[in-house]
Amino acid sequence: MLYPQHFDVIVVGGGHAGTEAALAAARMGCKTLLLSHNIETLGQMSCNPSIGGIGKGHLVKEVDALGGAMAAATDEGGIQFRILNSSKGPAVRATRAQADRLLYKAAIRRRLENQPNLWLFQQAVDDLMVEGDRVVGAVTQAGIKFRAKTVVLTAGTFLDGKIHVGLNNYAAGRAGDPPAVRLSARLKELKLPQGRLKTGTPPRLDGRSIDFSKCGEQPGDGMPGGMSPVMPVFSFMGRVEQHPPQMSCWTTHTNERTHEIIRSGFDRSPMFTGKIEGVGPRYCPSVEDKINRFADKDSHQIFLEPEGLTTNEYYPNGISTSLPFDIQYALVRSMAGLENAHILRPGYAIEYDYFDPQQLKSSFETRAIGGLFFAGQINGTTGYEEAAAQGLFAGVNAALQAGAQTSWQQETWVPGRDEAYLGVLVDDLITKGVTEPYRMFTSRAEFRLQLREDNADMRLTETGRRLGLVDDARWEAFSRKREAVSRETERLRSLWVSPKNLTATESERVLGKSIEHEYSLADLLRRPDVNYANLMSLEGGKYASAELNIPVSRETPAVPLPEAVFAAVVIEQVEIVAKYAGYIDRQIEEVGRAAHYENLKLPLELDYLQVSALSFEARQKLSKHRPETLGQASRLSGITPAAISLLLVHLKKSNFKGFAAAGKVTAPSESGDVQQGVI
């Protein structure tokens with residue numbers, strides 16, 4: 001039957017990508033339908049019980065700055081919080097949280113069920129309704145047809161999924177869930193380029209059978225013995241009192257006996273016997289892959305992570321495996337503290353279809369089928385955080401195409417590489433594609449000094465407001481913070497000290513040496529050995545801000561007052577901006593030089609095969625990938641700065657719109673530097 005109600009946006013799949021996509025489209029005012037094979041598993045953490053980490057935490061903060069759910073759900077479900085790289089610069093500091101699976105899933109479900117404009121429906125999708133070259137809806141396994149203006153596919157590992165344990169394998173989307181075989185076949189019928197990838201998960205352990213006295217304890221920040229006495233929050237709107245009771249993680253190690261056991265199972269490993277065709281994640285390898293690749297290492301650290309407050313289940317992070325169960329049993333029991341460990345669920349690898357993200361437009365709409373958007377593992381990525389960010393992004397663009405009424409004046413929203421890690425993620429996928437599951441690192445962002453966790457709201461919340469993603473409460477909180485940062489920055493610039501009014505003793509106490517001429521407090525704060533608190537102690541606190549002079553205790557994990565938290569956040573932002581101003585200014589100059597190419601749209605009718613000045617390889621790659629801008633073209637593998645210059649010459653001679661007036665140009669080199677050239 002044809003369902004009588006029509007929708008603006010249909011989202012297929014209720015994982016981390018699907019839930020963020022559906023919430024985003026609904027927040028923008030679109031009538032949105034979320035289809036899932038099982039609404040009891042909406043927001044389920046299929047693998048590890050954690051959110052965030054290096055690069056990944058940055059994405060979560062960006063999703064949150066745009067009104068997304070992941071960070072807020074983690075604050076409500078997180079049972080351990082840590083700031084990674086806390087001793088390093090702010091650009092690479094990252095929040096990571098262990099989450100109670102049930103609490104996290106419940107927090108996501110609650111948001112979905114209370115979101116206006118959002119409908120849930122439990123049915124697996126087997127087919128897409130396509131008219132001409134445009135999608136117009138989806139068909140469920142029961143034959144129910146739902147019509148919509150746009151469709152977002154977020155199928156995760158379900159597309160023709162196959163689970164491997166040793167030499168045994170069976171069809172599944174994940175353990176306990178059926179695969180989406182018919183939907184995968186339908187996508188292949190549409191001639192969308194696809195491949196196979198794989199990922200894996202470790203066996204789960206019963207905590208009652210673990211001897212924790214033989215393991216190392218790893219408490220979180222704000223817990224007794226933690227690295228910091230201050231407990232973090234993930235969301236910009238989060239509060240520490242939202243966190244449930246906290247738990248420690250634990251560590252153990254593999255040993256030579258463990259490695260011998262693993263090697264003894266290589267002849268029955270689906271990885272080494274050719275049973276698995278898909279490529280696995282380089283940065284989250286299986287334990288058998290680690291032992292094979294790093295044969296010189298005699299030990300690997302394993303983290304025992306609690307799955308929740310109401311379960312004894314533990315996730316042994318570091319021993320993801322598809323080895324036969326008898327090998328899994330033996331390798332687990334070969335480690336200290338796990339000699340009597342009981343396995344609750346076996347580890348496994350899962351192989352699944354993905355579709356080449358280079359066939360997507362920059363909005364994540366497929367080039368072949370109008371109105372069809374992809375997000376998450378279907379694009380070749382791995383990780384909850386990468387999926388959530390893509391889901392929000394695809395949901396926004398699907399909503400814009402469906403006619404969302406917002407103050408955004410453009411047909412699509414695509415953040416630049418200098419604006420967000422989400423922009424880096426999108427650009428990497430559509431220009432470089434994937435040959436293995438893609439995960440985010442801070443090293444992928446050339447402008448990472450600007451793309452910090454602490455300023456994700458400063459970068460994106462105003463855009464989110466224009467897109468209709470940000471509610472009044474978040475907007476008011478953000479505006480208050482932004483105004484306070486601006487006021488304090490200007491105040492520090494306006495206050496001056498000189499040798500006349502600052503004694504040498506006082507100067508040496510705070511600044512390390514006496515000053516020789518007049519300085520503003522903003523200038524002094526730029527010094528690496530001067531922090532805000534010390535600066536405000538000058539002359540008995542004479543220069544302290546009445547607005548921000550609220551003490552925050554760092555001696556105990558007690559919950560500080562909201563005003564003290566606000567003051568600490570503002571002070572952190574003021575101090576970081578002051579200390580990194582020179583570096584950030586240089587990056588802004590680089591962004592400006594590159595912006596010319598990002599704004600030069602390549603003509604849709606351009607036949608690259610006829611640009612005879614280009615090498616055959618360059619013509620082939622440009623024809624295949626059809627980059628939307630000159631900036632995208634410059635980042636394609638095999639496209640050199642010389643090729644970009646030659647392409648510019650051709651465009652100018654051919655009088656394509658926007659290129660006829662080109663004169664002196666700056667062609668980006670493969671290293672990202674800028675080279676001067678003339679055409």
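Quick reminder: no glycine exception, Cβ is built from N, Cα and C everywhere.
Taken from Swiss-Prot as is:
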- Gly13, Gly14, Gly15, His16, Ala17, Gly18: FAD binding site (BINDING)
- 280-294: NAD(+) binding site (BINDING)
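Proximity note: of the listed binding-site residues (Gly15, His16, Gly18), none has a CA within 10 Å of the CA of Phe294 (NAD(+) binding site). Neighbour counts of Cβ atoms within 10 Å were compared across the binding-site residues Ser286, Asn292; the minimum falls on Asn292. Apart from the site residues Gly13, Gly14, Gly15, His16, Ala17, Gly18, the chain places the Cβ of Val11, Thr19, Glu20, Ala21, Ser36, Leu42, Gly43, Thr154, Gly156, Gly376, Ala387, Gly391 no farther than 8 Å from the centroid of the site's Cβ atoms, the recorded FAD location. For Gly280 (NAD(+) binding site), the same-chain residues lying six or more positions away in sequence with a CB closer than 8 A to its CB are Leu197, Lys198, Thr199, Gly200, Met271, Ser286, Asp289, Ala349, Glu436, Pro437. Cβ neighbours within 10 Å of Phe294 (NAD(+) binding site), excluding its own Cβ and spanning all shown chains: 12. Cβ environment of Ala17 (FAD binding site): Thr154, Gly156, Ala375, Gly376, Gln377, Ala387, Ala388, Gln390, Gly391, Ala394 lie under 8 Å away, each six or more residues apart in the same chain. Look at Ser286 (NAD(+) binding site): DSSP puts it in coil.
Cα-Cα distance from Gly14 (FAD binding site) to Cys284 (NAD(+) binding site): 24 Å (rounded to the nearest whole number). Between the CA atoms of Cys284 (NAD(+) binding site) and Gly15 (FAD binding site) there is a gap of 20 Å. Of all the binding-site residues listed here (His16, Arg282, Lys290), it is Arg282 whose C-beta has the fewest other C-beta atoms within 10 angstroms. The secondary structure of Gly18 (FAD binding site), as reduced to three states from DSSP, is helical. Closest in space to His16 (FAD binding site), of the binding-site residues given as Arg282, Glu288, Lys290, Asn292, is Arg282, taking the CA atom of each residue. For Gly13 (FAD binding site), the count of additional Cβ atoms within 10 Å of its Cβ stands at 33 [all protein chains shown].
If you compare Cα positions, Gly18 (FAD binding site) sits closest to Arg282 out of the binding-site residues Arg282, Glu288, Lys290, Asn292. Taking Cβ-Cβ distances under 8 Å and a sequence gap of 6 or more within the same chain, the neighbours of Gly15 (FAD binding site) are Gly43, Gln44, Ser46, Thr154, Gly156, Gly376, Ala387. Arg282 (NAD(+) binding site) sits 26 Å from Gly13 (FAD binding site), counting Cα to Cα.
Of the recorded residues, Glu288 (NAD(+) binding site) and Gly13 (FAD binding site) place their C-alpha atoms 31 Å from one another.
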